[in-house]
Amino acid sequence: MNKQSWLLNLSLLKTHPAFRAVFLARFISIVSLGLLGVAVPVQIQMMTHSTWQVGLSVTLTGGAMFVGLMVGGVLADRYERKKVILLARGTCGIGFIGLCLNALLPEPSLLAIYLLGLWDGFFASLGVTALLAATPALVGRENLMQAGAITMLTVRLGSVISPMIGGLLLATGGVAWNYGLAAAGTFITLLPLLSLPALPPPPQPREHPLKSLLAGFRFLLASPLVGGIALLGGLLTMASAVRVLYPALADNWQMSAAQIGFLYAAIPLGAAIGALTSGKLAHSVRPGLLMLLSTLGAFLAIGLFGLMPMWILGVVCLALFGWLSAVSSLLQYTMLQTQTPEAMLGRINGLWTAQNVTGDAIGAALLGGLGAMMTPVASASASGFGLLIIGVLLLLVLVELRRFRQTPPQVTASGS
């Protein structure tokens, strides 16, 4: 990233063909998954009229992703990573075809939606873990921070486009079109990924997978700095689970099917802006304090979201949450890489991703339960302000993270 500019440096896409292939595959994949992300909750809401059932689907998928991340970490360290990536992507596509066929039935099966969500969550996370493990070999460790920011921008831009497309498809063709195009897009991603070089795992002594994972957990618990970062990440993803209330809130705001897509696109849009303007974030003298404050601001935005009288104002609150959460997430990623020992980087990154998934699943379950007892407006506000109170307490408790200082990197002539 260029220190002299707020904007992200995209030069890696020009200088590293393998990373460019991953960039293209990831963008297509995110668009495909976005179509799926709109269709599943809307279909379940239409079938059951229950926010609890919508939350349950997200929780089950999140649980499967957590298991997949743990298993995927072991596979990525023992088998050729390119094969793991291709196998995981292809298997996900099969699950999407199943969702499409189920949606075409006269009476779609709710159980099938849940089971296929487990299938896709598990195999999708296998590919994510293998790709994370292979990234240093594709871009070099000196470029990992830049690659991480480009990856976030890719994910967010794809997440902005796909919900709006998904909303239009729902309004015109129904959920089967969303599932079918998601399957097609997933199989298309295999084409650029086939061009990747062989990605063998590094030579290392055999160790029982559970023993290796336990060592990572012990490090998280023993380090107030890294452990605090992971805790903030989990709470932030809990807040993002507010999306399970979108269908119910859309009814409250009397939104059309096409307008629902704007709710799903708002957070990724704000996060994309945050990633695109992240050029100077790495040079913050007090990244821990900035991380804590941006997280508190994100919680406040969610608390205000449900109170908005018009849906367009709710979209603004969601976009603000996306921007603040992107700032916090990029600081989390940077500090984890710099404060974690080299021998622990793989496990800590895997556990960080897994706890983000877990936070999302827990948040979805809690919001689904609140939605069954309270109005959607009250549920959204209670979750945001409740997390804000927890965040203020953490601001006081996480002293080492709050006081952490770093020396800003020197300006380079090339700016890269």
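Cβ atoms are placed via backbone N, Cα and C, with glycine included.
Over in Swiss-Prot, the protein carries these features:
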TOPO_DOM  1-21  topological domain 'Cytoplasmic'
TRANSMEM  22-42  transmembrane segment
TOPO_DOM  43-55  topological domain 'Periplasmic'
TRANSMEM  56-76  transmembrane segment
TOPO_DOM  77-83  topological domain 'Cytoplasmic'
TRANSMEM  84-104  transmembrane segment
TOPO_DOM  105-109  topological domain 'Periplasmic'
TRANSMEM  110-130  transmembrane segment
TOPO_DOM  131-156  topological domain 'Cytoplasmic'
TRANSMEM  157-177  transmembrane segment
TRANSMEM  179-199  transmembrane segment
TOPO_DOM  200-218  topological domain 'Cytoplasmic'
TRANSMEM  219-239  transmembrane segment
TOPO_DOM  240-256  topological domain 'Periplasmic'
TRANSMEM  257-277  transmembrane segment
TOPO_DOM  278-287  topological domain 'Cytoplasmic'
TRANSMEM  288-307  transmembrane segment
TOPO_DOM  308-313  topological domain 'Periplasmic'
TRANSMEM  314-336  transmembrane segment
TOPO_DOM  337-356  topological domain 'Cytoplasmic'
TRANSMEM  357-377  transmembrane segment
TRANSMEM  379-399  transmembrane segment
TOPO_DOM  400-416  topological domain 'Cytoplasmic'
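Long-range contacts of the topological domain 'Periplasmic' (105-109) within the same chain: residues 43, 47, each at least 6 residues beyond the stretch ends and with a Cβ under 8 Å from a Cβ of the stretch. Scored on C-beta pairs under 8 angstroms, the neighbour of the transmembrane segment (257-277) with the top count among 56-76, 157-177, 357-377 is 157-177. Note: the stretches the transmembrane segment (56-76) and the transmembrane segment (179-199) are not in contact (fewer than 3 CB pairs below 8 A, sequence gap of 6 or more). Between the transmembrane segment (219-239) and the transmembrane segment (157-177), the number of CB pairs under 8 angstroms, six or more residues apart, is fewer than three, so the stretches are not in contact. Contact count against the transmembrane segment (179-199) (Cβ pairs under 8 Å) is highest for 22-42, out of 22-42, 288-307, 357-377, 379-399. Contact count against the transmembrane segment (157-177) (Cβ pairs under 8 Å) is highest for 22-42, out of 22-42, 84-104, 357-377, 379-399. As a summary of secondary structure, the topological domain 'Periplasmic' (105-109) carries 0 helix, 0 strand, 5 coil according to DSSP.
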